[in-house]
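S.K.: Before we start, here is the structure in question, set down as structure tokens.
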Amino acid sequence: MSGAALGLEIVFVFFLALFLLHRYGDFKKQHRLVIVATLLAWYLCFLIVFILPLDVSTTIYNRCKLAVNSSPAENNGSYVTLAPSKQKCFKPWSYIPDGIMPIFWRVVYWTSQFLTWILLPFMQSYARSGGFSITGKIKTALIENAIYYGTYLLIFGAFLIYVAVNPNFNLQWNQLQTIGIAAANTWGLFLLVLLLGYGLVEIPRSHWNGAKRGYLLMKTYFKAAKLMTEKADAEENLEDIMEEVRKVSESIKYNHPLRKCVDTILKKCPTEYQERMGRNMDDYEDFDERQNSYPSEKSLAKLHKQVIYSVQRHRRTQVQWQILLEQAFYLEDVAKNESSATRQFVHTFHSQEPENKIIQYFYTPTVEWYWECLLRPWFYRVLAVVLATFSVIVVWSECTFFSTKPVLSLFAVFIQLAEKTYNYIYIEMACFLTIFFLSICVYSTVFRIRVFNYYYLASHHQTDAYSLLFSGMLFCRLTPPLCLNFLGLTHMDATISHKNTQPTAYTSIMGSMRVLSFIADGFYIYYPMLVVILCIATYFSLGTRCLNLLGFQQFMGDSEMTSDLIDEGKELIRREKRKRQRQEEGENRRREWKERYGNRDDSTRSRAVHTDQKESSFSETNASRPLSKYTRSNNRTERDRIELLQDAEPLDFNADSVNDDPLESDSGR
């Protein structure tokens, strides 16, 4: 089994990263380089999280071999027997041979660092550039990243000067490499603690609140009101940008040198706007440089950038609105079915997507009712308690992991107890659950945060290229300090445990942080304690209250603004529900009409066509043009009248259908 576990996890993590990227990205519309770079960044970060427990178990076994070699021992096959204590040191099932892990970690770490500090920032600027050629986009990306890269050189130069001035240090390549790693990990640890403090509280609380009746529905109403405002703003912004594109398209004619740039912009516009602009164009007019003032290529590049952004934002809000409507309708169905006496889940609207027959066979309406109305709230409560327990253990261990005598970190206690019995399965499971929970707290915060409209990870293939690349940068910067923090919590890092033992292969790649003592003995140990303050601030929603004061509406139960937005969202959902009900009723009536009168209409059409042919032949033989003309027109009018009656949607004259509110219109505003 040597190396088999490593190979299986490499394959599994690749498909996991591919699945998540497919959920958030769009493989068909986004550039292949963006997809490949983001996939590689996510894959390497997830790989570090999944492979690190194997590195820990292999290191514990190697320590056992070193202890055996330093004392009288007898080798027996796959384990080593200590002569004095008769203790057996079994080889773990996931043992990785010597020499593989250092090379593996070196390739993974430096590739991720190259992505996050050099390639991905450049690709971000390249993806948002409005240039019309590859050379123009590269030039724009280099200019935008000049300050970015200059900041890196300034920070690295400061560390370099500090080491050079200090007489206790001799500058060597390994020390310079350690300084660079320390600078990157310091930046990542600073952001890691902020995200971890939010996730440790918000994840258990979100599951606990999800078990409350009506909480998710009220929050969905709140989201609907906010999303409608964003949707209307996106539509207005798109209209303004399309108006500018129309003016530019009308001013720059077909034989103008910049017409190719205008055509490139038009290809990025929605189809309905392209058709509208195409009808209003007059390509037979020549341009005259002396009479008209034409935009420059730089202004067209800026317009191109605005078009890409506005179209993406408009498409994203449209898709999110439809998804939010489905979610709101389903939560309303859950609220209605809670008091059902038949204990069968009844949907207001049928699913628009075809359901899997296997799922439909097992997940019957009765099973769905028991899960949604009875079991799911209790499951969420139990899960919230388990997650809250993990959060308390993490906070306690973050504040006490520097203590080695006695060992106060609970994760270190668990690992050391398992190390005494060499229970490698338990060691790997404990390490995996610990680092997996830390990763969930950090990565879920990365997926939740939203920096205005510049960074926003939206599911259902609605994330733009800039946000995908930015998420890859964050993952590559957060994962190495996250793993170092995990090794510190479990005392597998010699810098924390102060033991002269064999380090893990991952720690050996990081190098000795003793080169910068104020970071190794100060920042890395005491800064993670700040997570306690951040957890308290998150528990009392201080950040949410500050955002409310600044004008960014957040969901708060005791806020008057939140209540108003909930009422507004409830009204919007109610109107959309009535609209969909009328559409379904109209489709049902049209279907019944076709089923009942379809054959009669077909016979009427065939009779009308036969009569038209007879009268046409009669008119041709008798050379009576006026009579033939009026006969054909009357028959065509009759046929059109029949088709209109067949395709007409029956009107539903209910009290709710008569509404003068402008939000009832098709525009949805």
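Including glycine, each Cβ sits where the backbone N, Cα and C put it.
Marked as coiled coil by TrEMBL: 224-251. Residues or ranges marked as compositional bias 'Basic and acidic residues' in TrEMBL: 582-617, 635-644. Positions annotated as compositional bias 'Polar residues' by TrEMBL: 618-634. Per TrEMBL, the feature compositional bias 'Acidic residues' maps to 658-669. Per TrEMBL, transmembrane segment is recorded for 6-21, 33-52, 103-126, 146-165, 177-201, 378-396, 425-446, 466-489, 523-542.
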S.K.: Taking a Cβ cut-off under 8 Å, which residues six or more beyond the ends of the transmembrane segment (425-446) line up next to it in the same chain?
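M.R.: Result: 49-50, 52-54, 56-57, 60, 92-94, 192, 195-196, 198-200, 202-203, 387, 390-391, 394, 411, 414-415, 418-419, 457, 471, 474-475, 478, 482-483, 485-486, 489-490.
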S.K.: Residues sitting near the transmembrane segment (33-52): Cβ under 8 Å, six or more positions beyond its termini, same chain?
M.R.: 6, 9-10, 12-14, 16-18, 20-21, 25, 27, 104, 108-109, 111-112, 115-116, 119-120, 123, 127, 431-432, 435-436, 439, 465, 468-469, 471-473, 475-476, 478-480, 482-483, 486, 506
S.K.: So which residues does the transmembrane segment (103-126) touch in its own chain, when a touch means Cβ under 8 Å and the partner is 6 or more beyond its ends?
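M.R.: Answer is 6, 33-34, 37, 40-41, 44-45, 47-48, 51, 55, 137-138, 140-142, 144-145, 148, 152, 184, 466, 469-470, 472-473, 476-477, 479-480, 505-506, 509.
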S.K.: Taking all residues of the coiled coil (224-251) together, what is their mean pLDDT?
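M.R.: On average, pLDDT over the coiled coil (224-251) sits at 92.
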